[in-house]
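Below is one structure, written out as C-alpha cells, with a few remarks after it.
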Amino acid sequence: MNQSDIAETETIVPRHPVRWHILVFLAPAFLVYTAVMILPLVETLRLSLFNVVDGTMAFVGLANFQRLFGDPRLAADFWNALWNNTIFFLIHMAVQNPIGIALAAMLSLPGLRFAAFYRSAIFVPTLLSFVIVGFIWKLILSPIWGIAPGLMDLVGLKSLFGPWLGKPESALITVSLISVWQYVGIPMMLIYAALLNIPDEVLEAAEIDGITGWGQFWKIKLPLILPSIGIISVLTFVGNFNAFDLIYTVQGALGGPDGATDILGTLLYRTFFGFQNQMGNRPMGATIATVMFLIILAGVSLYLFVIQRRIRRYQF
Amino acid sequence: MNRILKGMLFATTVLAPAGMAWAQETTLTIESWRNDDLPIWQEKIIPAFEAKHPDIKVTFAPMAPTEYNSAVNAKLEAGTAGDLITCRPFDLTLAMFEKGQLAPLTDLPGMENFSDVAKSAWTTDDGSTTFCVPMASVIHGFIYNKAAFEEVGVEVPKTEDEFFAVLEKFKEDGNYIPLAMGTKDQWEAATMGYYNIGPNYWKGEEGRKALIAGTEKLTDAQWVEPYATLAKWKDYLGDGFEAQTYPDSQNLFTLGRAAIYPAGSWEIAPFKSQADFEMGAFPPPVKAEGDQCYISDHNDIGIGLNAKSENAEAAKTFLTWVASPEFADLYANSAPGFFSLNTTPVVMQDELAQEFVSWRQNCETTIRPSAAIVGRGDPNLDLEMWRVSANVINGTMTPEQAGEETQKGLDSWYKPKQ
C-alpha cells in the first residue's frame, strides 16, 4: 500500500449519503438550459402537430407535414431552400475548411514571421457581428458605391465584375463566400491547436526517416488532425443548416433574387413570422423547424455513429 | 408576466427624474411602420396634440416597414402591442379586426369627416363596421430632375413613346442614369413599376374589380402588357441594377445622378430635404395621346385602436383628433405626399405634392390591385407580384410567364363569387 492509496481511502470514508452539492451545482445550468433550449424545442415539435381548425388550435397529427411536402408551392419552396442550403454547406466544406487547414498548417510552420499577427487578423472577422459583415460586403460589392469595381479596374478585370448579389446564378455563391470569409478563422484555430498538439518526437522521428515537407503533412500531420477535421465538419454542418443571419442581412428575408439564396432559415422566418403582406403561419413554421431539426439530427448522428467510430485516434 | 412587466414599468418610472406628474398622465403608444416620419411626429404632430390635451402623452414607436406586420401581429397576440395601431389598408388589417385585435370605431366622433371611399380600406366586407380612422393615401407617378431635363433638352413625356424617347435621350447623353430603380429589394419593381404604370393598361377600377369578379385573369393582355413595358425599362436602369437596393435608388436620384425616379408620393418629404435641385412630377404616361389616364391613388395608412388597450378613452380622444380637419391639415403639410382623406379640403403648401394631387382632376383613380380581397390568401398576391416584376425586369422571366405564375398562385386559393 503506497501513500496515494491511503490518501484515497481517507477521503472516501466520510461520504455523505446524499451528495446535494452535485444537484445544487448542476441546477442553474440545468434550469437555464431547460428554460431556454429544451422547452422551446419540445414546444416547437409539439406545435408542428397542431393547426388552427375552425379558429381553435387542434391536434392534426402529421397533416402539417403532409401539406409541407404535398402542396406544390410549399414543397417547391422547401426543396429549393434545402437544395440552396446544401450548396451553401458544400461551398463551406470545399472552400472554408481546406483553406482553414492550409492556413493553420502554414501558421504552425516554425520560423514564420508575424505568425501572431496573421492569426489574429484572420480570426477577427469571426468576432464581428454578422450585421457588420453583411453590410460591409454589400457596400464593397455594390455596383454603385462599392470599391470592388474600382479595384478590379486597377488590375484590368473590370469586365469580369457584375452585380453578383443581384444575379440568380451568382448570388448564392457570393453569399456563401462572404460567410466563408467571416468564419474561416474557426477551422484555422481548431486545426492550429491540433497541429500544436502533435508531439515533436513524432515529427523528429519522421524527419529521421526522411519524411519532410509535403510528405510530412500528408503522411504524419493530416492523419493526426483527422478527428479535429471531423469535429469541424460537424460544426460547419450544424452552423450552415441553422444559418439565417447573414442571408437575412445581405439578401433580405425573401432570399432574393427569385429565391436563389433562400435557405431553410429564411424560409422558416418568412413562414413563421410572415413577411410584408404575407401573414405568419406558426404551425407551418414549426413544421419547417422540425424538419430542420431532423435534418441536423440525422447529419450529426451519421457522424457520431458511423464516421467518428472509423476515425483512428492516436494516443501519445 | 403582465404583473412583472407592470412592476418593471413602475420601477423605471419611479427611478425616472422626480417631479413629473406621472400619476395623472396617460401615455399612448403608436405602433407604426413609418420610421421615416419619426421627426415629423415628434416635432410637429404630437406636440400639437399634447398642447390641447396636456393629460395625455403620446409616443410614436415606428419600425422597419417589411417587419411591421409580423411584429405587430406577434405583439397583439402576446398582449404587448401599443394602444394605437397604424393600419395597412384592406385585407391585412381586416384580418386583425376579425381576430378581435382591433376595436370597432364606426361610432367614433369624427368618423363623419370621411367618405365611404376613404373608409372602404378599413371597413368590413359588408360595409357595416369601420375599424381604423383613415389618415392618408399615396399616389404613384414619376419624379424627375428638372435641371437634368433642361440640360438634355427634353419635355415631360405624356405618352409611352415619348417616355421611352426621353429615356433614350438620357442614355445617349450619358451624364444621367435615365431611371433610378433597382430590383434587389423586389418590392420597388412591383410598387414603383407594375402598380405605377399598370392602371393605364387594366383601366383602373374596371380591371381591378373584374379581377376580383373573375371575369379578367392575370394572363389577359391588359395585365401582361405592363410587364412587357417594365421589361423595356431594363436598358435604362443603372449599371448593376440587379444589386441596387431601395436606398441606393433614392440616393442616386437625390444626389443628382439619375434623371427620373419611379415614385410614390411618400418620397416627397425625404427627397425635398435631401435634393438640392428642383423636382417635378408626371403621371404614368398613357399609351396614345388623348387616352384616358389612370393613376394609383392608394388608401395607404390609417390608425386603429388596440382592442386590449387599457387607455381606450384617451386613445379615442386621440383618434377623434386624428379625424379632425386640424390633423388633416397638419399631417398633409408636415408629411407632404401623404394626402388627406378628410372631406374637408386641405390647402397644401408643397408644390410637388400639389402636382401629384392635381392628377386627380383628369385621371381616374384606383388602388393597388393586390390589396383588396385577392390579397388575403396564401401565396400572397402582392409578394408574388414583387417577385415576378423583379424577374421580368431582370430578364429571367417573360411577361407571359409572369402573368401565368401569378394567376396560378391566385387560382390555388381564390374562387371568385359567382
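Using the three backbone atoms N, Cα and C, a Cβ is placed for every residue, glycine included.
Residues or ranges marked as transmembrane segment in TrEMBL: A:20-42, A:86-109, A:121-151, A:171-195, A:224-244, A:284-306. Per TrEMBL, domain 'ABC transmembrane type-1' is recorded for A:82-305.
Sequence-distant contacts of the transmembrane segment (A:284-306) (same chain, six or more residues past either end, CB-CB distance under 8 Å): 41, 44-45, 47-48, 64-65, 67-68, 74, 78, 82, 230, 233-234, 237-238, 241-242, 264-265, 267-268, 271-273. Long-range contacts of the transmembrane segment (A:86-109) within the same chain, counting only residues at least 6 positions beyond its ends with a Cβ under 8 Å from a Cβ of the stretch, are 115, 118-119, 122, 172-173, 175-177, 179-180, 183-192, 194-196, 217, 221, 225, 229, 232-233, 236-237, 240-241, 243, 263. Under 8 Å from some Cβ of the transmembrane segment (A:121-151) lie the Cβ atoms of residues 103, 158, 161-165, 174, 178, 181-186, 188-189, 245-246, 249-250, all in the same chain and six or more residues away from its ends.
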